[in-house]
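Colleague: Structure in structure tokens, see below.
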Amino acid sequence: AANFSKTWLPFCKKFQVESTSPEAYFRTASELVNVQEWLSVKKLYEDMKMRIETTTKLNQIPEYIQKQHKGFREWDFVSSKHDHQTILQILIDGRDTNAVDIEGNPLPTLVYLAREKRPQYHHHFKAGSMNALIRVSSKITNAPIILNVDCDMYSNNSKTIKSSLCIFMDEEKGDEIGYVQFPQCFYNLTKNEIYGSSLRVLLQLEVLGFDANGGPSYMGSGCFHRRETLCGKKYEKNYKVDWKKINDKKVSETASFLEETCKVLASCTFEHNTPWGKEMGLKYGTPVEDVVTGMSIQCNGWKSIYLNPEREGFLGVAPITLLQNLVQHKRWAEGELQLFFSRYCPLLYGHRKIPLKLQLIYSTYKLWAANCLATWYIVVVPCLCLLKGISLFPKISSPWVLPFVYVTFVHRAYSLAEFLWCGGTFRGWCNDQRIWLFKRTTSYLFAFFETILKLLGHSQLNFVVTAKVADEDVSKRYDQELIEFGAASPMFDILATLAMLNLFGSLGASKKATMDADQDSKVLDQFGLQILLCLVLVTINLPVYQALFFRKDNGKMPTSVMYKSIVFALLACLVWMGGAFSSGEVKNSGGGEI
């Protein structure tokens, strides 16, 4: 990649290429800027890509490449990627006059770092990686601004750097800005966003509301940080940055000297008895280290800014299966709820440090997982009460039905208007509502109870990485906007059981309404809203029924899930109806009417 950049960077500048990620550019380029140059650069890229894929497949680095890079030679003495020494190499030294591209322009410094890992030491996942990079970069370049981007994301807009620097260097307000956050956008979304991965309303409307109250939270990627804020510096009222003085600072040590002396900064033991992971760097001990870190920066007196340019700043890969999506949201919701019950609770940690409105905004997202309780009530109780003949809502003929009608229809209409205003489609909104229900009944449920178990000391913290690589069949079904149910999972057991439960409730209500024509209007009057709720839930779950009974591809529900869902749903109905008969007998023996 270091060698390829010598050709790629001049090519991007000459033809004003956007995106500057070669993979993204060659995947989407529709016009050949200059056929000969385009083909030449593409061949270089494909050769590089082929070498990398071959090396990965064979699990062996070619000997001639090992000779070129001592960093690769050091990997020969490593037995496991979880047990190795620090490997550090400065591939391009920006201070070297010979570090130029094919047109003679200077290249930026490029450093390869694999921090030390040992089985007996906790490496703290992404937060530990970021902290090691912060320390090592402070000795090699010590740049005042740090950009971090996840490994599955790339720059889609080269002007993001200039825009961010304009904010940091603003003469009036720039010195109080701790970080500039860009939204997390994805290049592989389908037209109707089958898994609702864009979070378009949240990112285009809700997060903008942060700006007036101290700024958005740190989202873990696509963020420009002031180095001092990550190192724990507190904002002072008269703080001023002398940018000219910062630019005059130069590192005098040689590259080989820096490589050797910086290795200790990425060792397993360096952080022992230091503020790293607590007062300095990204915070440890939570799956959502980014949120805690951003809130800590704001509690230190800094503000943040949210930038959402017309051309997305950074693009990544959205999950392309339902299970990947649910697992990802389970991790997010679990981490957020853990924070709420920890010393980092916004209402406690942020007390008198950040505005009350910002504390409440943070708390809203911290309690995502707790929403599962209300959602389960809405999904389960009305359909069971419908089977039992218990009315939960006012009669259709009663004036008290108006508040329920208002909440049901006006709120959904407002939600649809928001979604369309943010550039979505009607089908996309329907998919978003479906995924909203799926997340709250599975991801948030598991997140809620796992958090409770952790608080009781019955579970340990683990970090689940969302896999985003899938085979060709899965990708094809994703492009066709077919929901992927192909894996067996307790989450799918729950989804299928709830879908069957509401189907049985709807069928029971239909039977009750059609068996006695004289009572038809009374049934609809008494149970109209309940029947409507069950029918809406059945409509939302149509893809689940298709996956259970009609689909023949590999994305259908596993047979075991189908059997379990039917049995569990029938069992719930029988137990509930059995309870109804028992309570009815008791009531009757007391002289009351059934």
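One is the number of the first residue shown, and numbering goes on along the chain from there.
Glycine is no exception: its Cβ is also placed from the backbone N, Cα and C atoms.
Where the annotation comes from TrEMBL, it is an automatic prediction and has not been curated.
Sharing the features that TrEMBL gives for it:
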| type | residues | note |
| --- | --- | --- |
| BINDING | Lys126, Asp150 | Mn(2+) binding site |
| TRANSMEM | 367-387 | transmembrane segment |
| TRANSMEM | 485-507 | transmembrane segment |
| TRANSMEM | 527-549 | transmembrane segment |
| TRANSMEM | 561-581 | transmembrane segment |
Colleague: By a Cβ-Cβ criterion of under 8 Å, what residues six or more beyond either terminus of the transmembrane segment (485-507) are in contact with it?
Modeller: 321-323, 326, 379-380, 382-384, 386-387, 438, 441-443, 445-446, 474, 531, 534-535, 537-538, 541, 544-545, 547-548, 554-558, 560-562, 564-566, 568-570, 572-573
Colleague: Could you tell me what the rest of the chain brings near the transmembrane segment (527-549), counting residues at least six beyond its ends with Cβ under 8 Å?
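Modeller: Counting only partners 6 or more residues beyond its ends, the transmembrane segment (527-549) has Cβ contacts under 8 Å with 378-379, 382-383, 385-386, 391-396, 401, 404, 408, 433-434, 437, 483, 485, 495-496, 498-499, 502-503, 505-506, 509, 513, 555-557, 561-562, 565.
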Colleague: Report the member of Lys126, Asp150 (the binding-site residues) whose C-beta atom has the most other C-beta atoms within 10 angstroms.
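Modeller: Highest number of other Cβ atoms within 10 Å: Lys126.
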